[in-house]
Amino acid sequence: MALMLVLFFLAAVLPPSLLQDSSQENRLEKLSTTKMSVQEEIVSKHNQLRRMVSPSGSDLLKMEWNYDAQVNAQQWADKCTFSHSPIELRTTNLRCGENLFMSSYLASWSSAIQGWYNEYKDLTYDVGPKQPDSVVGHYTQVVWNSTFQVACGVAECPKNPLRYYYVCHYCPVGNYQGRLYTPYTAGEPCASCPDHCEDGLCTNSCGHEDKYTNCKYLKKMLSCEHELLKKGCKATCLCEGKIH
């Protein structure tokens, strides 16, 4: 079964200049993900960064907002539990990954997402972290090729020095152990989806997921009529020609 790398990101290690909003009037309510403008900022920032990957990616899906995941992300943020949620609390019709950001400053969503993405500096594509203690799992989830839905929530946790708690959920989940350091396929943008491309990102998402990492092999060995594949390899069996 596919395994997920469990990581969290401590925003307090970043310089205050990156985290602190320049506007003195900025309040937590302005970051509420119930606002359409905030949802658009989060989705747009993710898509912008997915277009910027190096080496360029041939099969990165364009991301969109997921309202069910928004509910889950906000509920977890409200708990002020500074650790990852169990997988059952971040599952919609798909299992979702999770990035956490904690800050003593009221950071913009774009700053939080950029902080995760900046881990790319510590990763050699298709090889691994440049240093043994480097954290790169937030970056790989942000740019995981088959993830096409995102939603987030934020809460204030006054009892903690890192009082602002940001949670984003990514569906379907990324960071499979089998290819953790290869979050997408290197190549010309949209080379894997020439007929389904929008500004360098693919639009042929699947809507299903594989629960096993060897579904392609299982399909050849057993065929999609087998009960094992019907339950655990829906993407492989139902999404031919789509990114999954």
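Cβ from N, Cα, C; glycine included.
Annotation source Swiss-Prot lists signal peptide at 1-19.
Feature annotation from Swiss-Prot assigns domain 'SCP' to 44-170.
The N-linked glycosylation site annotation in Swiss-Prot covers Asn145, and the record cites sequence analysis as its basis. The Cβ of Asn145 (N-linked glycosylation site) lies under 8 Å from the Cβ of Gly57, Asp59, Leu60, Leu61, Pro183, Tyr184, Thr185, Ile243, each on the same chain and at least six residues away in sequence.
Secondary structure at Cys197 (disulfide bond), taken from DSSP and collapsed to helix, strand or coil, is strand. Under 8 Å, Cβ to Cβ, and six or more positions away along its own chain, Cys197 (disulfide bond) finds Pro189, Cys190, Thr203. According to Swiss-Prot, the disulfide bond annotation covers Cys190-Cys197 (among others), on the basis of sequence analysis.
Residues or ranges marked as disulfide bond by Swiss-Prot: Cys193-Cys202 (among others). Other Cβ atoms within 10 Å of the Cβ of Cys193 (disulfide bond) number 22 in total over all chains.
Annotation comment: Swiss-Prot describes Cys206-Cys239 (among others) as disulfide bond, evidence class sequence analysis. According to its DSSP assignment, Cys239 (disulfide bond) is coil.
Non-local neighbours of the domain 'ShKT' (206-239) in the same chain are 1-2, 93-95, 146, 172-173, 176-178; each lies 6+ residues outside the stretch with a CB under 8 Å from one of its CB atoms. Here Swiss-Prot flags 206-239 as domain 'ShKT'.
Cβ neighbours of Cys233 (disulfide bond) (same chain, under 8 Å, six or more residues apart in sequence): Asp210, Lys211, Tyr212, Cys215, Leu218, Lys219, Cys224. Annotation source Swiss-Prot lists disulfide bond at Cys215-Cys233 (among others).
In three-state terms derived from DSSP, Cys224 (disulfide bond) belongs to neither a helical nor a strand segment and is classed as coil. Look at Swiss-Prot and you will find Cys224-Cys237 (among others) tagged as disulfide bond, backed by sequence analysis.
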#### Entry: Cβ atoms near Cys239 (disulfide bond) (within 10 Å, other residues, all chains)
18
### Query
So which one is it: of the disulfide-bonded residues Cys190, Cys215, Cys237, which has the fewest other Cβ atoms within 10 Å?
Cys237
#### Entry: Secondary structure composition of the domain 'SCP' (44-170) [DSSP: H/G/I, E/B, coil]
44 helix, 32 strand, 51 coil
## Note on the structure
Long-range Cβ list for Cys206 (disulfide bond), cut-off under 8 Å, min separation 6+ in sequence, same chain only, gives Ser146, Ala235, Leu238, Cys239, Lys242, Ile243, His244
### Query
Taking the disulfide-bonded residues one at a time (Cys202, Cys224), which has its Cβ surrounded by the most other Cβ atoms within 10 Å?
Cys202
